[in-house]
């Protein structure tokens with residue numbers, strides 16, 4: 001359930017954008033004490049660098065850089081490159097990062113933090129989860145942007161650091177767009193308050209145009225081609241809608257949106273409450289031709305193939321396929337149990353989906369067939385308490401009873417899908433848990449929203465106006481980017 005907090009006429013909001021600096025790197029430092037004093041750290045997944053902290057970026061490491069290049073740079077400055085977390089079966093697992101994300105967002109939405117932030121008459125605050133490591137916090141009616149915004153930003157930064165050992169940067173402004181750009185400008189480990197026309201002009205003049213939300217990817221390439229590699233958001237603001245359509249190939253609606261954002265305009269509401277997951281899935285994309293992994297940790301393999309290799313997986317290779325299903329089912333069960341802790345809900349169904357390639361030629365071409373099969377998700381088994389390193393005790397990364405049952409269900413569903421498929425290759429495997437329902441013993445949600453609703457009553461928040469290919473809580477683990485509009489040289 002969510003509630004939009006749009007501005008009444010004549011009112012200005014005070015919105016904080018909270019963003020964890022180099023989130024994946026911070027999680028790795030928490031998991032491995034030996035990295036505590038490392039001056040520069042980057043995280044790779046197979047053949048890509050997916051995260052780099054401020055020290056690594058200042059040395060020249062960028063996202064999507066080949067790991068061998070990043071490792072050479074980091075060695076020169078005494079830094080380190082670590083592989084993203086893998087399970088005991090050597091499959092990439094995002095569970096530690098999701099666990100850390102739950103900790104962060106749980107704290108931001110907690111009654112404890114509400115009390116730390118509260119002053120006389122403090123009510124009407126709204127908190128919205130924006131991504132795995134980002135959130136928006138809207139302060140109540142009557143808050144002063146400079147005074148209350150700056151104070152609350154410092155409180156949040158101090159509390160997150162003290163309780164989670166995590167560094168966040170905070171941007172403060174009167175809308176979501178400017179607060180997000182301000183938090184990026186505040187990195188690393190800082191806060192920036194945008195309270196005047198001059199502040200807005202300075203922020204837009206210093207922010208690269210391709211970092212404007214909605215202007216990444218293909219649009220960023222068009223912006224660089226039209227305005228040059230050093231174009232700023234303020235340069236976009238100088239273009240008319242007609243020029244945006246002609247220069248960037250934008251349709252009328254996109255041109256209007258880009259023009260408004262380039263001037264710092266945004267009336268998107270902060271949505272109070274939690275958007276509960278409708279489904280949770282794990283997905284693995286597989287190679288159709290043999291390929292070597294470069295710069296990976298010793299022993300890391302994909303889908304049960306040789307260490308250091310991506311190897312095709314055929315439907316007849318039941319041993320390898322079963323190993324993959326076991327690892328994926330264990331991963332899925334862990335995530336489902338994490339949600340059971342956080343949301344007191346349990347899925348009713350499991351769906352296995354496959355993409356198969358028939359009649360493959362030497363270059364991997366062939367007929368693509370998509371198929372899926374659904375069955376009941378296993379009943380809830382023992383659920384241990386999730387710890388800060390992302391494991392669930394007492395089973396820490398191993399198969400829980402739920403994981404074993406989920407594996408058996410996934411195996412049975414898969415057998416029905418690959419029967420009589422002959423020499424077809426498996427291009428992708430997805431296992432999804434869906435139709436979540438309240439589990440036994442579930443109660444009220446609590447947290448920041450309920451705390452504030454108890455104090456403020458209804459209506460007070462109507463105040464002024466994101467392996468192995470794992471997708472859950474808005475993350476795609478095959479092509480990780482902590483913010484899809486973030487550029488490689490930004491401290492995330």
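All residue numbers here begin at 1 and follow the chain in the order shown.
Cβ atoms are placed via backbone N, Cα and C, with glycine included.
Between the listed ranges 157-212, 437-492, TrEMBL ties the annotation region 'Disordered' to 437-492. Range annotated as region 'Disordered' by TrEMBL, chosen from 324-364, 365-405: 365-405. Looking at 218-246, 247-275, the range annotated in TrEMBL as region 'Disordered' turns out to be 247-275.
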